[in-house]
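Feature annotation from TrEMBL assigns region 'Disordered' to 54-76. Here TrEMBL flags 67-76 as compositional bias 'Basic and acidic residues'. What TrEMBL lists as domain 'Copper amine oxidase N2-terminal' is 74-153. The domain 'Copper amine oxidase N3-terminal' feature in TrEMBL is assigned to 165-264. Here TrEMBL flags 289-704 as domain 'Copper amine oxidase catalytic'. Marked as active site, proton acceptor by TrEMBL: Asp368. Here TrEMBL flags Tyr456 as 2',4',5'-topaquinone. According to TrEMBL, the active site, schiff-base intermediate with substrate annotation covers Tyr456.
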Amino acid sequence: MAARRYLLSSFLFLTTAFALFFTWLHLSPPPPNAAELLDCAAYSPWCSSKSYPTTLGRQSPTRRHDHSSDTPHHPLDPLTVTEINKAHSILSSHPLFKSSPFSIHSLVLEEPNKSIVLKWKIGDPLPPRKAFVIARVNGNSHVLTVDLTTANVVIRETGPHSGYPVMTVEEMNSATFVPLTSESFNQTILNRGIALSDLACLPISTGWFGAAEENRRLIKVQCYSMKDTANFYMRPIEGLTVLVDLDSLEVIEISDKGKNIPIPKAANTDYRYSAQPPNKVMKVLNPISIEQPKGPSFTVEENYLVKWGNWEFHLKPDPRAGIVIYGAKIRDPETGDLRDVIYKGYTSELFVPYMDPTDAWYFKTYMDAGEYGFGLQAMSLDPLNDCPRNAYYMDGVFAAVDGKPYLRRNMICLFESYAGDIGWRHAESPITGMDITEVRPKVTLVARMAASVANYDYIVDWEFQTDGLIRIKVGLSGILMVKGTSYENTNQFAGEDLHGTLLSENVIGVIHDHYITFYLDMDIDGSDNSFVKVNLQRQRTSKGESPRKSYLKAVRKVAKTEKEAQVKLSLYDPSEFHVVNPSVKTRVGNPVGYKVVPAATAGNLLDLDDPPQRRGAFTNNQIWVTPYNRSEEWAGGQFVYQSHGEDTLQTWSDRDREIENKDIVVWYTLGFHHIPCQEDFPIMPTVSASFDLKPVNFFESNPILSFPPNTFEDLPVCKPAASA
Ligand SMILES: *[C@@H]1O[C@H](CO)[C@@H](O)[C@H](O)[C@H]1NC(C)=O
Ligand SMILES: *[C@@H]1O[C@H](CO)[C@@H](O)[C@H](O)[C@H]1NC(C)=O
Ligand SMILES: *[C@@H]1O[C@H](CO)[C@@H](O)[C@H](O)[C@H]1NC(C)=O
């Protein structure tokens with residue numbers, strides 16, 4: 001029993017992920033069924049319709065799409081189960097993999113060249129399907145291309161590079177067991193009064209801090225007590241860090257500097273609904289949902305093609321990036337043509353440096369995509385709570401460490417959102433004698449995933465609007481990484497730098513930043529685009545010209561080379577950032593474009609020479625523009641784990657290549673500074689930030705004049721059966 005409890009606890013981290021490898025066809029999360037849905041009595045025929053639950057979507061969350069016969073339909077569609085199996089069998093008989101144990105760190109589509117994809121038309125045969133593979137064999141990383149038609153395997157020359165591939169989920173899991181192979185580790189745990197059966201351990205990437213860490217793949221393991229709470233994160237065994245060799249799974253070193261720091265109490269840390277005592281003071285809200293009497297307005301065709309309103313785009317799950325949007329086009333209301341907006345967009349890298357330079361904390365400088373796999377950490381979404389009832393769910397098809405396919409069910413959801421906002425409006429004052437009130441509700445289409453990278457949860461939304469705007473939003477929730485302390489009250493440490501906030505007795509929430517860097521290959525009406533800074537400048541009037549002394553004027557400057565497009569935002573030097581097609585003009589002569597519209601964000605203030613910041617140099621600016629290069633996809637480099645920072649967006653951009661009227665890629669970094677506060681304990685209410693891609697002289701005029709307003713007839717009211 002004790003052994004079993006121990007196993008359970010050690011497996012806690014990523015247990016969901018791991019379990020799914022083996023059970024994808026058999027197990028399923030408890031699905032809502034028709035009986036649980038509110039029974040509606042008629043105010044309208046729709047309300048009493050027997051098909052009520054299914055008219056809400058063509059697909060219920062209980063649906064189990066059988067992926068075994070999936071086929072790709074677009075050159076950028078992800079590898080299917082069949083294709084991953086094929087790649088696996090080709091690799092299994094390859095000499096490199098025959099003699100030695102190996103681990104597959106990536107097995108995804110190797111995309112055809114962009115020129116080939118752009119020439120491809122619906123109905124054409126697909127370009128040859130290939131797998132891009134990163135594998136480790138005998139302590140070496142290999143990059144391979146597997147041609148799925150010819151079975152040809154090409155081992156690619158990667159040149160010298162410092163880092164290692166994304167960890168596999170299996171490795172992260174194995175690493176958490178390694179400390180238990182050490183007697184002295186066991187002893188120190190017991191000495192602190194913790195039963196080994198109450199341990200929960202986390203695999204923490206080590207960053208990179210110099211020569212002592214060279215030539216082997218390392219990970220640091222830190223542990224928590226899960227006694228009396230599901231929220232073990234709030235019970236750190238402070239100062240205990242086990243350095244582990246990730247290849248040999250051996251303990252290299254144990255650093256034990258927190259022996260006198262108590263384990264914070266378990267009381268009030270559990271966040272589960274079932275663990276909350278009844279609260280007689282709080283008045284809870286009534287249930288709420290969106291109703292779509294005529295069903296949703298979007299369709300998902302050929303597995304990944306989304307059509308909604310005037311938009312068409314492809315959406316796919318990716319093990320490293322999470323959500324990938326490709327081939328996004330919008331229909332022009334005047335010509336009826338589908339016009340290119342985005343070739344490809346995704347989360348390229350994350351950077352999360354903690355602001356505590358002490359022994360057990362300095363290395364916490366996570367890069368969640370390149371180290372942990374942002375998509376690998378995206379868990380199955382919870383119907384009705386992660387996404388509303390009208391949501392459609394999409395599964396991720398990924399390869400496990402042995403190269404065999406597995407499914408991440410319900411990894412992405414897609415739904416129409418109506419938050420009661422207004423798309424556009426105007427009402428005439430009675431003084432005009434005109435009776436006009438014209439209002440359009442704003443309905444948007446959201447593609448969402450939520451990654452739980454150990455303690456933290458990132459919610460990523462791509463929100464499409466009918467007016468052409470795309471809002472990219474990141475929400476942060478989940479649980480803080482906290483530090484144990486002997487302090488129980490702020491009156492005990494006047495003046496001392498705690499590196500954070502005392503959140504509860506013996507618990508410090510450590511200050512940290514989050515940066516999320518997006519890759520945006522914009523193709524505005526074609527690939528050759530320019531980046532234009534439209535700078536607002538104060539212009540003084542000349543003497544006697546006007547009663548005004550100053551005004552603002554817009555000064556356009558086309559960025560000729562990469563360095564001219566490295567942008568640090570400033571409130572007092574404002575610009576708009578346009579991506580335009582200089583060869584396509586509107587009726588009145590403006591170049592068609594989309595602008596990148598920043599909103600609340602944070603700039604990185606670390607020293608440029610700080611080792612984490614060298615690796616995270618892609619956060620040195622909020623905006624960068626590079627010429628399209630299929631090798632420059634991951635802002636922190638292809639091999640991020642323990643990298644030194646020699647292959648980042650900063651290095652590429654500093655080549656200062658020409659970017660005017662060329663196929664360009666825009667990079668935008670969304671940032672958050674986080675000084676924790678008591679409301680973040682024991683779990684954080686979601687904090688969100690976003691930026692927009694917004695049409696600028698792209699359409700001839702407001703593109704949504706012909707979308708109708710809502711009427712009461714369109715939206716019948718249902719009332720619960722009990723009171724009917
Ligand atoms: C893709 O482009 C690269 C570089 O531009 C070239 O070396 C390669 O041959 C191309 N591949 C195909 C299949 O056209
Ligand atoms: C440490 O404790 C675990 C759990 O009780 C046990 O399985 C393991 O063998 C112990 N390690 C050593 C080296 O004794
Ligand atoms: C494309 O990117 C790779 C990796 O950064 C670089 O080695 C190569 O020189 C780039 N090619 C061009 C034309 O910039």
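Each residue, glycine too, has its Cβ placed from N, Cα and C.
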Surrounding CB atoms that lie within 10 Å of the CB of Asp368 (active site, proton acceptor), all protein chains: 26
Long-range neighbours of the compositional bias 'Basic and acidic residues' (67-76), counting only residues six or more past its ends (CB under 8 A): 82-83, 109, 111-112, 116-117, 120, 126-127, 129, 302-305, 314, 316, 326-327, 344, 395, 397, 407
Proximal but sequence-remote residues of the same chain as Tyr456 (2',4',5'-topaquinone) (Cβ under 8 Å, at least 6 apart): Val352, Leu476, Ser477, Gly478, Ile479, Met481
Summary of DSSP states over the compositional bias 'Basic and acidic residues' (67-76), given as helix, strand and coil counts: 3 helix, 0 strand, 7 coil
Mean of pLDDT values spanning the domain 'Copper amine oxidase N2-terminal' (74-153): 96
